[in-house]
Amino acid sequence: MAKKVVTDLDLKDKKVLVRVDFNVPMKDGKITNDNRIVAALPTIEYILEQNGKAILFSHLGKVKTEEDKEGKSLRPVAVRLSELLGKEVKFVPTTRGPELEKAIDELKDGEVLLFENTRFEDIDGKKESKNDPELGKYWASLGDVFVNDAFGTAHRAHASNVGIASNLESAAGFLMEKEIKFIGGVVDNPARPLVAILGGAKVSDKIGVIENLLTKADKVLVGGGMTFTFMAAQGQEIGKSLLEADKVELAKGLLEKAGDKLVLPVDAVVSKEFSNDAPFHTVSADSIPADEMGLDIGQATIDLFTKELQGAKTVVWNGPMGVFELSNFAKGTIGVCEAIANLTDATTIIGGGDSAAAAMDLGFADKFTHISTGGGASLEYLEGKELPGVASISDK
């Protein structure tokens, strides 16, 4: 990777600005999953070991009005981070001004400060999300060097990543470095055979990824709601299954281009209702009843996909195989997750989002080589797009 990493910087006595991804799920003011905070620890701890002063900031949710601020403060994150680090994390409840500047000036080597949600700046003209140059310059003025460890927002050009990096020497944190290595590796130089498994509801969300991976992968296995648009493109009856009618022609084109590289399900678990209480059964993919909808892949498809995965050296998975949140239609996702987890000599990567949640829920997280922390960023990377948050980091 030709970008500077945090280990390339001299951090002793330095004020180190760190863009982390602390966009954690919250309920009633409490953090329900702290994975993203845990993922940032190696970078923060390294800065402290090097006697730097860690000045952390992140967004949390979307903030458009004063009312939106309710429940979007990073204060609970500071408390949790303090517990994880085993040391005080000074929280500053503002994003600019004398209080923040004074707190940073008083910071000693090896100390940590977290300031308020960067998107509080969006209330007045979307300064953070639109990468307001003055805001980027101001935040850059608060530190000596900048470390970007927020891969989750790398596909966005915001003041808190690109804006600061255009004004200050910058480097990738350890998490960002890992994401670039694994997700970038799939696109740029994978060990072969490379098998991609793509799920999720909509073809429209994954068109770019499918198109790019058809040029890179040896096989692309497709599951989830988007399979029915491909089936319709082949002239199959799909009953009441999810269909993006305006994408059928596009799906047809992808099928023609892909040949036998694209593998579709051979059966489906169907039901008359989108409900866990309704009766369900498995049918062949080409005989879905007119009054039923496909909500998961069946056992024959799980077996087929498991077979296609054998011998793979690199596997990337993004998106569930069915309606994972309803237990009757989660078996396909579980089956695929198990099949990937059982591969012994492959680099296995989950591209964030629902698939990452599925692997963690099932207790398989440690069986994968890498689970990405950025859903949208991973997808854009897999599409072959340049990510502004990565591109703006200083070159070595």
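In case you wondered, yes, glycine gets a Cβ from its N, Cα and C as well.
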Same substrate site per Swiss-Prot - residue from R119, R192 joining D21, F22, N23, R36, H59, L60, G61, K62, R156: R119
Which of N23, S355, all binding-site residues, has a Cβ with the fewest other Cβ atoms inside 10 Å: N23
Three-state secondary structure, which DSSP defines for H59 (substrate binding site): coil
Among G61, G294, G353 [binding-site residues], residue with fewest other Cβ within 10 Å: G61
Largest tally of Cβ atoms lying within 10 Å of a Cβ, found at which of the binding-site residues D21, E325, D354: D21
The one of H59, R119, K206 whose CB sees the fewest other CB atoms within 10 Å, among these binding-site residues: K206
